[in-house]
Amino acid sequence: WEFNGSFYQPSAFLMMGIPGLEALHHWISIPFCALYLIALLGNCMILFIIKKTQSLHEPMYYFLSMLAVTDLGLVLCTLPTTLGIFWFNMRRIGFDACLTQMYFIHILSFIESSVLLAMAFDRFIAISRPLRHPSILTKTTIMKIGLVIILRGMVSLLPIPFLLKRLTYCGKTELSHSFCFHPDIMNLACTDIKVNVFYGMIILLSTVGMDFIFIVLSYILIIKTVISLATKEECLKALNTCVSHICAVLVFFIPMIGLSMIHRFGKNVPPLVNTLVAYTYLIIPPALNPIIYSIKSSHIREALLRALRRKSE
């Protein structure tokens, strides 16, 4: 502990694996390793295929590249501490290191939310204005959107580490997860955390909350546009281009909303449920997104098959 008058700050926190199943951590690490491997290889494959295939140099796949990079970042943020606990029981993480990990996890989560919104906008333009789609979403426009997404996440979350550093911590230093999460750290403080709670809620609602609302509005407009199409075949073809994105949205937002609700209102929720929802939120989307897009996108599937044939020759 560091002592400065009445101000106390722990030198480190203790992270938690899966509560009640500590003896089985080595066995539990096997599915986690599989998910991490799928996420790493799958997202790298998506990036490689998009880069090498000229026909995939379109707005939809540029945004998919952003999603893949974000998913890789999320995986690399949580992999060292999660597998460190499962394999070596390395539970200790320095205070500043914890704040750094927390900052990047939240930034990447906010970026993923914004990228999913940009992908919804892309689908709306592609369906409602197909002829103007390339001229609206040019490479320059997509780069500007990507830059705004990154800056929005970095700036909005910048005060969070400083708000946590000003708090006094005492007694309990055990986190609920194998990674650092803002509400989790905040709840270990023994001083007034109203500012942290208020700022956290405002940022969450004004970023992820607004992204989700605009995604829903985008799909309402998409459905209205699709209904106005002449034939049933055209309707199905238009909607089919959105299936992958809808799956990615559900896979990301459902666990994220669940985890936020548990941390703020679920005082009586069993620790095991809290832990499983957290892992679902941070590990499942990066692993599933490449699979979803590889299965549903015929262009990516065909490019992957061509690449495999070239390697076999």
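Glycine is no exception: its Cβ is also placed from the backbone N, Cα and C atoms.
Per TrEMBL, these features apply:
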| type | residues | note |
| --- | --- | --- |
| TRANSMEM | 24-50 | transmembrane segment |
| DOMAIN | 42-293 | domain 'G-protein coupled receptors family 1 profile' |
| TRANSMEM | 62-88 | transmembrane segment |
| TRANSMEM | 100-121 | transmembrane segment |
| TRANSMEM | 142-164 | transmembrane segment |
| TRANSMEM | 197-222 | transmembrane segment |
| TRANSMEM | 243-264 | transmembrane segment |
| TRANSMEM | 276-295 | transmembrane segment |
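Simply put, out of 24-50, 62-88, 100-121, 243-264, 100-121 has the most Cβ pairs sitting under 8 Å from the transmembrane segment (142-164). Counted over residue pairs 6 or more apart, the CB atoms of the transmembrane segment (243-264) and the transmembrane segment (100-121) come under 8 Å in at least three pairs, which marks the two as touching.
Beyond the transmembrane segment (24-50), the same-chain residues lying 6 or more positions past its ends with a Cβ under 8 Å from any Cβ of the stretch are 17-18, 56-57, 61-62, 64-65, 68-69, 71-72, 75, 79, 82-83, 85-87, 89, 279, 283-284, 286-287, 289-291, 293-294, 300, 303-304, 307. The average pLDDT the prediction assigns to the domain 'G-protein coupled receptors family 1 profile' (42-293) is 90.
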